[in-house]
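Peer 1: Shown below is the structure under consideration.
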Amino acid sequence: MTHDLFAELPPEPTCESLMEGAVVLRQFALAETDQLLAGIRQVTAQAPLRQMKTPGGHTMSVAMSCCGEQGWVTDSRGYRYQPEDPVSDQPWPAMPEALYRFAGRAADAAGFPGFEPDSCLINCYRPGAKMGLHQDRDEQDFSQPIVSVSLGLPVVFQFGGLKRNERPIKVPLAHGDVVVWGGPARLRYHGVLTLKAGEHPLTGACRYNLTFRRAR
Ligand code: MD3
Ligand code: FE
């Protein structure tokens with residue numbers, strides 16, 4: 001009989017480079033998912049998740065909220081960052097300290113020291129929700145990276161080129177995975193395939209994605 005020496009050990013965080021500028025930190029958030037989920041609950045109690053409308057009038061399948069000095073919004077007037085939640089007309093909830101510190105540590109680990117996010121977008125995918133291929137270009141300084149954290153149900157992420165017509169590669173993202181996108185990866189097209197039905201012990205029928213950004 002062979003003994004599996006690793007069977008009882010917790011899974012190890014790993015670091016891999018997807019493409020130049022895109023660093024995948026598998027399970028980097030695993031030890032801190034409770035604090036991150038507590039942060040999400042705190043923020044969404046003040047600024048509830050909502051399905052916004054695109055400038056073209058379509059309702060997004062992903063429900064969103066934000067915290068920090070700037071929040072990302074979309075409506076008939078366009079895509080932008082603004083300091084107030086349009087639902088309450090109040091400032092967005094402050095970014096919980098645990099979230100802010102976590103984003104800095106992830107950016108450090110990926111080779112982007114000194115990251116000071118002023119915005120955290122909370123995306124909530126329920127089964128059937130997806131996000132089409134797009135670029136993130138509403139931020140002022142594309143030399144600043146974006147830190148993304150996946151929590152809950154797994155999904156297939158699509159990572160394309162600098163032009164929409166470039167065929168994207170598929171990357172599975174699971175609970176606790178962190179990806180840092182900077183340098184030449186910052187303006188690549190990306191999206192998320194339709195979330196499949198499922199139940200996660202910590203999030204239920206939901207995938208959360210946090211994206212930490214420097215908007216201004
Ligand atoms: C690659 N969110 O909120 S996170 C978004 O899973 C967004 O909710 C997806 O795309 C999600 O804008 C993907 C990963 C991500 C975020 C920003 C990027 C990948 C990126 C910016 C440039 C290149
Ligand atoms: Fe994006």
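The backbone N, Cα and C atoms fix where each Cβ goes, and this holds for glycine too.
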Peer 1: Among H190, H200, which residue does TrEMBL annotate as binding Fe cation at the site that also has H134, D136?
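Peer 2: Answer per TrEMBL: H190.
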Peer 1: Near ligand 1, meaning Cβ under 6 Å from any of its atoms: which of the binding-site residues Y79, Y125, D138, Y208 fit that description?
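Peer 2: By the Cβ criterion, which requires under 6 Å to ligand 1, there are no hits.
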Peer 1: Tell me the coarse DSSP state (helix, strand, coil) of D138 (substrate binding site).
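Peer 2: DSSP assigns D138 (substrate binding site) to coil.
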Peer 1: Name the secondary structure element type, per DSSP in three states, that contains R164 (substrate binding site).
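Peer 2: The three-state answer is coil.
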